[in-house]
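See below for the structure under consideration.
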Amino acid sequence: AALRWCISGTLCASFLGLGMSIAVLGPTFPTLAANVGKNVSDIYYIFVGRSLGSLGGSVVGGVLLDCMNATLLLAFSMLGTAAGLYVIPWCNQSLILTILMSVIGGSMGILDTGGNVLALYTWGSEAGPHLQALHFSFAAGAFLAPLVAQMDLGSSKSEELSGAEKTKQSVLKSVPTASAASATPALNDHRNESFLWSYIFIGSYILLVSIFFFVLFSKSSSAKDKSKASAHKDKLAKYHWPLVGLLFVFFLFYVGAEVTYGSYVYTHAMVFAEMKESEAAALNSVFWGAFAVCRGAAIFGAAFLSPATMIVLSLVCSAASSTALAFFSHLRAALWAGSAVYGASMATIFPSGIAWIEQYTVVEGKTASLFVVGAALGEMCIPVAVGYLQGRYHHVPVVMYTAFVTSMVTVLLFPAMYKLANWPQQRDSREVSDRETRKTLLSNSRLTEDEEEEEQHVREWNDADFEVVEMNDELKNSLRDTSHRIPGDSPAVQPHLDNALGDPPVVADGSPGRQNGSINWDKSE
């Protein structure tokens, strides 16, 4: 039990680092662009490289999870992420930066796939709260990363200003004709150092977590193999791959809608609701804040509610809030309330979906990798499509309509998945019921036949008994007739006849006699 809790705690710590690693790119993006000598708009491809790396890492991680120890695999993936974070701040070429981002994305894909699988291997049917804790840790890491970067920048803000002023004065004294632009590299270099410490901090944290994974591997090198062997004892569901395919599409639409709304609600609030920048930023914070709070609450809710119940509640709230956002987003109250409810409803679907399908089939590495790939494809494709459509149709709230359509798709997909997952069991139960009915009918028919045979035997025995009684009566009568026809018989014969006839002899004074006035043949002579 202690080992399982240690594994769960280390997984939560790793997902906290995963969230920080992904979210730290936003605040540091301008500095990274300056390091490689590019504008911010010219290095967008590093996001594509990271997403492709995440897809590849999810696939490779799914294959490796079926071949090696999950704890060891996660330890190496965390080690690779830490190494990439250490190197990135010193990178001064865009191609190398993109390659490093792809490597980090691959390590993150392995961690995302392996973390969910290891939680299922460790806890089995009790994995619901622990999966919720994993994804809450990811949300907490995404929330902390900008704070870490901002705190690092704020702590050195005064030093930056003083250093910049000193640099300007020294340059102006030494080279009077120098322009003010000569001080810009010094300012940028000092700013890079501040963000360098942010990367180093997150990289050091992830390195520490990887060491914990290596320790767990040394303590329980065979834990994964035993858990996996026990999981393989259960057969895959009859419709395993169709069920996995439907959940793949389900996660694609769900994650795509989540990322799309979180990315475009700020712009929508300013354009369609005519909010100020501060109000639009607050609206975006309300969405992500409700998302994080609901994920934290789901840790405890998963201990009392089944995964199917949590998914149904989330889908109902998502459908209601997306409907309000699609048709009443011009009202500020509806926009604020709808964003909060929509963020809360999106929080528990992904971990609850993994916990739900684990009840019906075995979730292996390849299966979990498909779920992560579906989520990554949704994160890549749906925001791009929404951005393209919003650029062509300026007066249409494409973001809100997308939230509504994706909610309807997920609402229709889950009943289909539920029916497909339970249909073999319902059919098997019907077959079992039919077999039991047939057995009952056969046993009843056999019982009836046995009763009839038994009654027939009783009748035969009764007939046989009557025949024996009639034969005894006939024999008795014939013997009596014979005894009367032979008067010269010896008196000794009479007792035998009486015994044969069943009548005891009557003895008087030691001599045989006859009842009812019998004649004494000796006296008559």
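Cβ from N, Cα, C; glycine included.
Fair warning: this is a prediction, and the values are worked out from it, not measured in the lab.
Per TrEMBL, the feature transmembrane segment maps to 43-65, 72-89, 95-121, 196-218, 239-266, 286-305, 310-328, 334-357, 369-389, 401-421. Here TrEMBL flags 425-463, 479-525 as region 'Disordered'. Here TrEMBL flags 427-439 as compositional bias 'Basic and acidic residues'. The feature compositional bias 'Polar residues' is assigned by TrEMBL to 513-525.
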Open item on the list: Looking only at the recorded stretches 43-65, 310-328, 401-421, which one has the largest tally of CB-CB distances under 8 Å to the transmembrane segment (334-357)?
Closed with: 310-328
Task: Two-stretch contact, the transmembrane segment (43-65) and the transmembrane segment (401-421), at least three Cβ pairs under 8 Å - done: no
Open item on the list: Taking contact to mean 3 or more CB pairs closer than 8 A (sequence separation of 6 or more), are the transmembrane segment (196-218) and the transmembrane segment (72-89) in contact?
Closed with: yes
Open item on the list: Between the transmembrane segment (401-421) and the transmembrane segment (310-328), are there three or more CB pairs that fall under 8 A, provided the residues in each pair are separated by 6 or more in sequence?
Closed with: yes
Task: the transmembrane segment (401-421) versus listed stretches 72-89, 239-266, 286-305, 369-389: most Cβ pairs under 8 Å - done: 239-266
Open item on the list: Quick check: do the transmembrane segment (286-305) and the transmembrane segment (239-266) share at least 3 Cβ pairs under 8 Å, counting only pairs 6+ apart in sequence?
Closed with: yes
